[in-house]
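Features reported for this protein in TrEMBL:
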| type | residues | note |
| --- | --- | --- |
| DOMAIN | 11-339 | domain 'Major facilitator superfamily (MFS) profile' |
| TRANSMEM | 12-34 | transmembrane segment |
| TRANSMEM | 46-70 | transmembrane segment |
| TRANSMEM | 77-103 | transmembrane segment |
| TRANSMEM | 109-128 | transmembrane segment |
| TRANSMEM | 135-157 | transmembrane segment |
| TRANSMEM | 163-185 | transmembrane segment |
| TRANSMEM | 197-217 | transmembrane segment |
| TRANSMEM | 223-245 | transmembrane segment |
| TRANSMEM | 266-287 | transmembrane segment |
| REGION | 301-339 | region 'Disordered' |
| COMPBIAS | 315-324 | compositional bias 'Basic residues' |
């Protein structure tokens, strides 16, 4: 039997909760942009930095996760990330101005960028090879349901109370995750203290990825400046890639992309994640700001579009294949009766 044991299932739940919070906070604000615009008396371009700061910060720390885990231990880094995420969420909820909120969101993103990859890495190493598929299905489930849950909560919480609830809601979740980490995750092995983090690689890759992401997503400033920023970022990433191919302990093992199976899988995953998370962030602005629909209508639009992914992920985690009917039927687009 390939079922997870009870201790493994508890560990999987703790690890999945970290990934869920990281993905949840990437989309929970998207539906509440009109309320945030009204609360701070500012424009859409300004409040979108609440999302952009979080996303750029996540992009910055994700490549560092493996190196930090090898140096200080995956469980230890994961625990620190959860604690920092809880503090940043509390600061975001209590922010008295837009600048403080954007800074707190950046701090959230720095922590969230570590939680998701470390959770899957810890889960992969915590079970026997024959149960790794089941563990990966459970720990990867938040990647599919997190954006939907974020849109639902983003629509409901500001209407029921205040926009501050969007950020306070993750404080107890992060604290519970930290407690579960201490109680249920195995301690880090006594190794890796002599491992040196590839700081030179980090100084090339992290600014490069952030510059590319900023150049593509930014709306303010002249077009030539955004293009130049993206080009400089791409050059830094290219230099990092060339260096990583010859470095004995690179920050990321770029050479793995030469493997046809791994390379094709990575490319497909990148395309899928781009359209999935991109639409989760852009659709709310289109539906609410341009069309003038409510937040609940936005959440309903998005949920219909990805319901099949949720069903497939849940069925996969339970060890069964989704029937085509179960995946396709819920994605039927009903006529929009909201207007």
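Here, residue 1 is simply the first one shown, and the rest follow in order.
Each Cβ is built from the backbone N, Cα and C atoms, and glycine gets one as well.
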Establish whether the number of Cβ pairs under 8 Å between the transmembrane segment (46-70) and the transmembrane segment (163-185) reaches at least three, counting only pairs separated by 6 or more residues. no
Same-chain residues near the transmembrane segment (77-103), Cβ under 8 Å, at least 6 residues beyond its ends: 18, 21-22, 25, 40, 42, 46-47, 49-50, 53, 65, 68-69, 110-112, 114-115, 118-119, 122, 164-168, 170-171, 174-175, 177-178, 181-182, 185
Taking a Cβ cut-off under 8 Å, which residues six or more beyond the ends of the transmembrane segment (109-128) line up next to it in the same chain? 4, 8, 11-12, 15-16, 18-19, 21-23, 25-26, 53-62, 64-66, 68-69, 74-75, 77-78, 81-82, 84-85, 88, 134-136, 138-140, 142-143, 185-186
